[in-house]
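Listed features, source TrEMBL:
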- 103: active site, proton acceptor (ACT_SITE)
- 28, 29, 30, 31, 81, 82, 83, 84, 94, 95, 96, 97, 121: substrate binding site (BINDING)
Ligand SMILES: O=C(CO)[C@H](O)[C@H](O)COP(=O)(O)O
């Protein structure tokens, strides 16, 4: 089975877990794109969504699924999103699609965060995937120097402007043994909007597609 087929499989499996919820938080990425396609079949059960990116918003609207501003909704019952890496504590690296800040906001505002992914995303220690850090553009080189002091090798993601007008630094060579401490340290650098470590607010449940089926990690 290809990685894309696994992504489809886990997206389909996640429909079971959104039954009964009429307002959904929706993430960003190719796994979530499969989920959005699946939502088309059950769109009459969905009152509205809150989306973490312009891309997901456009896909949802194209299917006739309403998208609301998070400020109108308040607390969400459920949020579904993918990940770039997942450790055994359901802590994540996210932001490969540059939507990390809005994703982190929706995750924080949600009672339950279900991460959907294929099993290639599982790691023991986070950090093999270069850590995305969203920055205010004028702070880019200052933040990069501070990230070097933390042991990383930041690389500017050229031609990428986030939905918030931010820039992305992808930080290589980090072995993230204490994800909460590093998340706090990076977020404390002046000019950082947020970093892609989701440890202070990890996923509550991970649905993982494997060649043998979808595994639930609660
Ligand atoms: O964090 C993300 C976007 O900012 C995505 O969830 C992450 O990159 C995984 O993407 P995909 O489902 O395409 O593998």
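Just so it is clear, glycine is given a Cβ too, placed from its N, Cα and C backbone atoms.
Owing to the predicted nature of the structure, the values given are computational and were not obtained by experimental measurement.
A map of TrEMBL features onto the structure.
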residue	record	CB count, 10 Å
28	substrate binding site	29
30	substrate binding site	14
81	substrate binding site	29
83	substrate binding site	27
94	substrate binding site	29
96	substrate binding site	20
103	active site, proton acceptor	30
121	substrate binding site	22
**Message:** Can you tell me the CA-to-CA distance separating residue 121 (substrate binding site) and residue 103 (active site, proton acceptor), as a whole number of Å?
**Reply:** 18
**Request:** Would you list, in sequence order, the residues of this chain other than 28, 29, 30, 31, 81, 82, 83, 84, 94, 95, 96, 97, 121 that have their CB within 8 A of the centroid of the site's CB atoms, where the site is the one recorded for substrate?
**Result:** 27, 32, 99, 103, 117
**Request:** With H, G and I counted as helix, E and B as strand and the rest as coil, say where DSSP puts residue 81 (substrate binding site).
**Result:** strand
**Complete:** Rounded Cα distance in angstrom between residue 96 (substrate binding site) and the residue listed as 'active site, proton acceptor' is 12
**Item:** Pairwise CA distance, residue 30 (substrate binding site) versus the residue listed as 'active site, proton acceptor', rounded so that it is a whole Å
**Value:** 14
**Fill in**
Under a three-state DSSP reduction, the secondary structure at residue 121 (substrate binding site) is helix
**Request:** Please find, for 28, 29, 30, 31, 81, 82, 83, 84, 94, 95, 96, 97, 121 as listed binding substrate, the greatest distance between any two Cα atoms, in Å.
**Result:** 16
**Prompt:** How big is the Cα-to-Cα gap, in Å, between residue 83 (substrate binding site) and the residue listed as 'active site, proton acceptor'?
**Reply:** 10
